[in-house]
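A short write-up of the structure that comes next.
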C-alpha cells in the first residue's frame, strides 16, 4: 500500500522568521547611518517600517489540512477558534470609534470646532450650553443607538457561542459550548455550527441560510464509515481536506484508515459534508470537524455590504458646504466694514461663530428621525403587508429611481413549475392530451411485460406506446427527488421502510430543484409513482399497484458547468443496467444521436415560455459498467485536478445516447406582474431583466409579462466572441430605433471588454433590456456600470441567493421572500412579499419620502438662515459689533421646543392621495429631475430668509420705544410666529397631528414667557403696543408670501394641484 498522502508541514513560522530577519537587517542599516548618505538612511528607515508593517498585517495563509478523528491535539497547526463575532467595537474602541464615525462628516466636525472655540475667552460668544447642549444631544442619541445595537450584537454572539453540543470523547458523550469546539472533534449535531464531515447514515439538510434555497438536500456519510465499530476511538483514521475556500458547492478530500489491513482509503466529495449555517432537517448525525470559525464556508462567503448614502443626503451636504462658504464670506464682509481694525482675525472668528446657526445642527437629527418615520409608515401600510425596511437611511431613494433591474425566476414568475408539454419527435402532448399518455401507461403495465429494448433491432421503429413508456420511465428515474412521508400519529417523520404504506395523502417530494419535483409529480399523475428512495435503491409504483425496484449504481448531480445530471440504475427484476441523463438542450445536443427535430422544438417551447429539458438513455452491459466504475473510482481518489478527471470519465459514457423525449415546464407569472410593469414604465422607469435562463425563454417571459409590448421590435444581439464581431453587431444595433434589446451573458462580456462606453450608451436608449445567461457577478457589474455611466439611481430586485450581489451593488435593493429562501430578502434594503408591491412602494412611499425630506431639509435650513440674517442686521446697526442678539435658553428653545414639532410634522404632508399617485404614475417622472431640492429651490428659500429676517429685525428696531430688551421681545416673538405661519404655508394637506404640533408649540412659547424674565420684560409683553407691533411685523413678513403662493397656484399651478382639483 502507498503511504497516505499527508500535506507538508506548515511553513508559516519560517516565513514569519524570514520577515523578522529582513526587518532586523533593515534596522541594522539604520544603525550604521554614519557610513551611508542621508538619502540612503531615509530609504532604509522607510524599508524597515514597511517591512515591519507587512509583518504585522500579514494574513494567515490558508492551507490543506490533515484531521485525525477525535484527536484535536494531533493537528499540525493552530486553527481558527470556533467563535462568531459580529461586534464592531470593544470596551476600549467604542467611544473613539463612534466619535470618529460622527466627526468624519463635515457637518458634525464643523459644530465640534465651533463648540470647542467657546473655551477660548476671547472667542466666547454666549453660554457654553447653547453650543454644547445640541451637539451633546446629537452625540448622545447616536452613542445610545450604537450602544444598543452593539449590546444586541454581543448578546446574539454570546448566545450563539454558548450553544451546547454533544461531543464524543474516550470517556463518553459530554456537553461543550460551540466556542470550545476544535478541528478534529467528533460532534453529534442537529444545527451545524462549523464545517463537518458526515460519518453516520444519511440525512436531509436545509441550506436556506447558506445559499438561499429552501428545498431539502440529501447528504450521505462516507461509505467505509458505515462499517466502523461503535467505538470510533478504537480506530486510527484521518481525513485529508483541501484548504478552506469560498465555493460552497464543491469539496475534495480523502478518508484514510491506517489500522486496517489493507489500508482503507476513500474519496470525499460535497455530498459527505455539512457546512456551517445549515440545519439537519431530520434526525441527528455524527461528524468530524474540519473547519472552524473564520475558515468555515459561510464566514468566508460573508461580505460586508457597502454603506449606502442617499442622493438627497449628498445634495444636502453640498448645500451645507455652500452655506458655510456664505457664512465665511459674510464674516469677512463684517470685518471689512469694520476696517480691519484691532485684532481683526479674532473678530473674524467671532463672527464665524456668531453666524454658526446658518448651518443648523438639527438638520441631521430631523432628517434621521424623518427617515425612521417613513420606514414605520411603509411597514404599517396594510396595502403592502409583510414589507420590512432593513435600511432606514435611504427611503428617499425609492422616489428617485430611473433604472429597475429585476430577476426573472421567482421575481416576475412564481417559481412554481407546472408540466405542460412532452415531445417525442413525431408526436407532441400538451395539457389537454395528458389522458392519452395515462392510458398508454396503464396499458403498458397492465398487459404482458414489454420486451427489453435490445430485442428490437435499431432498424425497427418503436411504437408510440413503447416510446411513451420509455420516456415516462426515464423521467420517473432520472432525478434527485426523494419522497417524504409525514406520520400523523406521533409527529415523527419517515417511519420505518417496512411499515411504510406508500399512501398518496401524506407523501411530499423534496429536491434541490422545483423543476424535478414538477416532473416527478407529472409521472405520478400519469400512473408511474415514485414511492420510496434511499441511498442505494429507488422504487416505483405502477398503475396496477406493482412495485418496481431499481438499484442505484451511480449518480451524477447537476452543476451549472455541465448543465445536466445523470443516473445509472439496475432493474432488480431483469438485471438490466441503464444510464439515464437529462439536461439543457445546449449541453445534450452533442450527446444524443443525430436527429432533425430537437433544436427546432426547443426553440418552439422556449417561445411559449417553457423551460425545456432533454431526456436520453443508454443501455450498458455488465462489462461496460464494471470498466466505467473502476475508472470512475480511480478518478475520485485523485487529489490533483479531481473534477477534470471525473468529468472526463463520465464524458466517456455520454456518447451516442438515445434521445427519448423533450419536456416543457412552465414557470407561471406572479400576480399582477403586467399592470405593475406598465405602471413602472409609465412612471419613466426603465426596466432591465437579468436572468440566467436561455435567450428564448427570457424573451418569451419579457413578452408575456409585457416588459416588451407586442408591437415593439426586439433586437436580438447576435452571439459575438471577438472585437471585430462586437463592432459589427454594435453598428447594426445603432441603426435600430426604439426597440428592446436581448443579449446573452457571453456577448455582453465581449462588448464590455472592448466597447463598454458605447454599449452602455446604446443600451440606455432602449425602452427595455433583457440579459440572459447572466452570472451573479455579471448582474452586479451591470448595476455598477449603469450607475457610473448615467449617474442615475438604480434599483435591483430579486428573490434568490444569486441576486444578493446585484441587490447590494444597487443604490436601492429590494428583496422578495420567495421559494428560493430569504437570503435576498435579508441582504436587501427593503423586503417585500410580492412583486406587485413594488408599484405602491415606489409611487406612494418613495415619492412621499423624497418630497417630504426635501421640504423638511430646506425648512430646517431656512430656520437657521432667518436667525443668522437677523444677527447680521443687528450687528450692522450696532457698529458691526460681534455681540449675539439672542443668548442662552432662547437659542436652545428656538431650535427645539418652540419650533421643532411643527417643522417635523412636515413628514406627514402629502400633495396627492395614494390612489391618485397610483392612478397617475407620470407624477413620479418629475422626481427624477430633482426639482424638489435643487440650487433653484434653495436660492428661493435663501431669499425668503433674507427678506423675513430683515423685516423682523428692522421692524423691531424701528418700533421699539426705550429699552433694548423690548427689541429682543418683539423680534423673538415675531420670529416664532413667523416660523409657525411658514409651516402652515408649506403644508399641502393638513393632518390632525400638524394642528396639534402648531398649537402645542405656541402654547409652550406663551407659557415660557412667564419664566423668561431674564430676557423679557413681563410688564411690557402684556401691553397692547407689544401685541400690535408683533402682529404688524409678522404680517409684513408673511402676508406677501401667502399672496405669491395664491397667485402661483392660480396662474401656474403644479401638476399635482390640477389632479387634486
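Just so you know, glycine gets a Cβ as well, placed from its N, Cα and C.
The domain 'P-type ATPase N-terminal' annotation in TrEMBL covers 75-132. Taking DSSP states H, G and I as helix and E and B as strand, the domain 'P-type ATPase N-terminal' (75-132) has 29 helix, 0 strand, 29 coil.
Residues 88, 94-95, 98-99, 102, 108, 111-112, 114-115, 118, 356, 361-362, 364-365, 887-888, 891-892, 895-896 of the same chain sit 6 or more residues outside the transmembrane segment (129-148) yet have a Cβ under 8 Å from a Cβ within it. As annotated by TrEMBL, transmembrane segment applies to 129-148 (among others).
Long-range contacts of the transmembrane segment (322-342) within the same chain, counting only residues at least 6 positions beyond its ends with a Cβ under 8 Å from a Cβ of the stretch, are 106, 110, 348, 351-352, 354-356, 358-359, 861, 865, 868, 872, 875-876, 880, 882, 938. Annotation comment: TrEMBL describes 322-342 (among others) as transmembrane segment.
Sequence annotations record features per position, and here TrEMBL assigns transmembrane segment to 348-367 (among others). When Cβ-Cβ distances below 8 Å are used as the criterion, the transmembrane segment (348-367) is approached by residues 107-108, 110-111, 114, 117-118, 123, 125, 131, 134-135, 137-138, 141, 313, 316, 320, 323-324, 326-328, 330-332, 334-335, 853, 856-857, 860-861, 863-865, 867-868, 871-872, 875, 882, 884, 891, 895-896, 900, 903-904 of the same chain, each at least six residues removed from its ends.
The active site, 4-aspartylphosphate intermediate annotation in TrEMBL covers 407. Within 10 Å of the Cβ of residue 407 (active site, 4-aspartylphosphate intermediate) there are 28 other Cβ atoms, across all protein chains.
Annotation source TrEMBL lists Mg(2+) binding site at 407, 409, 799, 803.
The transmembrane segment annotation in TrEMBL covers 860-882 (among others).
Among the features that TrEMBL reports, transmembrane segment is placed at 888-908 (among others).
The transmembrane segment annotation in TrEMBL covers 938-958 (among others). Sequence-remote contacts of a segment are chain residues at least 6 beyond its ends whose Cβ falls under 8 Å from one of its Cβ atoms, and for the transmembrane segment (938-958) they are 319, 322, 858-859, 861-862, 865-870, 872-874, 877, 967, 970-971, 974-975, 978, 982, 1029, 1032-1033, 1036-1038, 1041.
Long-range contacts of the transmembrane segment (964-985) within the same chain: residues 859, 862-863, 866-867, 870, 885-886, 890, 894, 898-899, 902-903, 905-906, 948, 952-953, 955-957, 994, 998, 1001-1002, 1005, 1015-1017, 1020-1021, 1026, 1029-1030, 1033-1034, 1037-1038, 1041-1042, 1045, each at least 6 residues beyond the stretch ends and with a Cβ under 8 Å from a Cβ of the stretch. Summarising the annotation, TrEMBL assigns transmembrane segment to 964-985 (among others).
Taken from TrEMBL, the feature transmembrane segment covers 992-1012 (among others).
Same-chain neighbours of the transmembrane segment (1024-1044): 944, 947-948, 951-952, 955-956, 959-961, 966, 969-971, 973-974, 977-978, 981-982, 985, counting only residues six or more beyond its ends whose CB sits under 8 Å from a CB of the stretch. The transmembrane segment annotation in TrEMBL covers 1024-1044 (among others).
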Below 8 Å Cβ to Cβ and six or more residues apart, same chain only. Which residues does that give for residue 409 (Mg(2+) binding site)?
415, 667, 691, 692, 693, 800
Rounded inter-Cα distance in Å - residue 799 (Mg(2+) binding site), residue 407 (active site, 4-aspartylphosphate intermediate):
8
What are the sequence-distant neighbours of residue 803 (Mg(2+) binding site), meaning same chain, six or more residues apart, C-beta distance under 8 angstroms?
407, 411, 776, 779, 796, 797, 815, 824
How does the model score the domain 'P-type ATPase N-terminal' (75-132) in terms of mean pLDDT?
80
